[in-house]
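**Q** Quick paste from TrEMBL:
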| type | residues | note |
| --- | --- | --- |
| TRANSMEM | 21-49 | transmembrane segment |
| TRANSMEM | 107-132 | transmembrane segment |
| DOMAIN | 121-359 | domain 'G-protein coupled receptors family 1 profile' |
| TRANSMEM | 139-167 | transmembrane segment |
| TRANSMEM | 173-196 | transmembrane segment |
| TRANSMEM | 217-241 | transmembrane segment |
| TRANSMEM | 261-287 | transmembrane segment |
| TRANSMEM | 308-327 | transmembrane segment |
| TRANSMEM | 339-361 | transmembrane segment |
Amino acid sequence: MHELLPQGCEHPELRGLFLEVLLLLLLLVLVVVTFPNPMILSLAAAAAMSSGSSLNSSSPLDPFDSSTSWILAEDPSNSSSEPILRTMTPDLQPASTTVAVQEVSPWDIALCVTGTLISCENALVIAVLFYTPTLRAPMFILIGSLAVADLLAGLGLILNFVFTYLVDSSVEFVTLLSVGLLISAFSASVLNILAITVDRYLSLYNALTYHTERTVTFTYVMVVFIWVSCLTLGLLPALGWNCLRDESTCSICRPVTKNNAVALAVTFLLVFALMMQLYLQICKIAFRHAQQIAVQHQFVAISTTKGVSTLSAILCAFGACWLPFAMYSIVADSSYPVIYTYATVLPATCCSVINPIIYAFRNPDIQKSLWLACCGCVPSNLSLRPRTSSDV
């Protein structure tokens, strides 16, 4: 670990980068939060005008003509106070040119906001790792790979919202692109968490040889393998493994087939079981080290107990986020109510919100870089916290 910089130190490059990233992310949040309904309605009006002029060429409608007025009409068959479907029709327009506008689902808005938060957090992590030359150890390589995966997952959620409400979702290319990006990103996120668990285990099991060049090479090979595997999974729907031709075979996440969804869910359960086994071995090694160091027995026992509690919390949070969606993917299909799919997908996406907090922002070295970027100096007590097996 590099030495602490003295109080009042300045790091203009990191501070400028931090401010630029922060302003960009705040602008992105502002656009996402304020953009749903007004933009959709204005685009629908423009589409209605263009379709009206193309279908009725004998008497084209001028959108600026004072004799033509546009009204927002509700579906008369809907007796609820909040209309599910709205129609934009001019009072002089034939009924055949009515354009239906889909009401924005609150679940989709929640997923879009979650994706924006994921993108903000992980963009900050990537910027800190990229502009800090001292953070190049194997554990930081894996943290950076996890941040890239979660960043792509957040962008995938935002693009899915855009494709659903602003782009013609009947185009196969749009659907396959969206689902392929989400499958690749979330699969890479889960596998990178497994890789970080393996790295933690090796750092304790082979403590004397952990910092050798051999370990760095193994880490890069592991990262390349993860991304090649996940990109292959994301391409499978585009290569024909989809249910666009047979809707009866769809899973809860169209256009993924039921069989493919079950295979992905079973693979996740195997990954989760392997993580549990590795964390159990980490706890055993930590307790064995505590027993071997008799002089520091009290200090190490407290530190080990804290580390075990932290590892348990990490494992429980990961299982709570992903297990409901994995189990539901096995038992359900496209005939089940869509609200159940949303209720299990949203916690799974929240795992990518928690990951930067668990694996990046808790790390003392990354905390130092963040302090340098924010205020140009590091608190004097930051390096006094004892390192445990839970520190990545």
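Placed from the backbone N, Cα and C atoms, the Cβ positions cover glycine too.
Because TrEMBL annotations are produced automatically, they should be read as predictions rather than curated entries.
Any idea what these are sitting next to in the structure?
**A** Here the transmembrane segment (139-167) has Cβ contacts under 8 Å with residues 32, 36, 39-40, 43, 102, 104, 108-109, 111-112, 114-123, 125-126, 129-130, 174-175, 177-178, 181-182, 184-186, 188-189, 192-193, 195-196, 199, 203, 216, 219-220, 222-223, 226-227, 230, 349, 352, 355-356, 359-360, 363, 365-366, 392 of the same chain, all six or more residues outside its ends.
Away from its own ends, the transmembrane segment (173-196) comes close to residues 139, 142-143, 145-146, 148-150, 152-153, 155-157, 159-160, 163, 167, 222-223, 226-227, 229-231, 233-238, 242, 244, 253-256, 264, 268, 271, 274-275, 318, 322, 348, 351-352, 355, 359, 392 of its chain (Cβ-Cβ under 8 Å, at least six residues beyond either end).
Outside the transmembrane segment (217-241), and at least 6 residues removed from its termini, the chain residues within Cβ reach (under 8 Å) are 138, 141-142, 145, 149, 176-177, 179-181, 183-185, 187-188, 191-192, 195, 198-199, 255-257, 260, 264.
For the transmembrane segment (339-361), the residues of the chain that approach it from at least six positions outside its boundaries are 107, 110-111, 114-115, 117-118, 121-122, 124-125, 128, 143, 146-147, 150, 153-154, 157, 186, 189, 193, 196, 252-253, 314, 317-318, 320-322, 324-325, 328, 332, 367, 370, 392, judged by C-beta separation under 8 angstroms.
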**Q** So what pLDDT does the domain 'G-protein coupled receptors family 1 profile' (121-359) average out to?
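**A** On average, pLDDT over the domain 'G-protein coupled receptors family 1 profile' (121-359) sits at 86.
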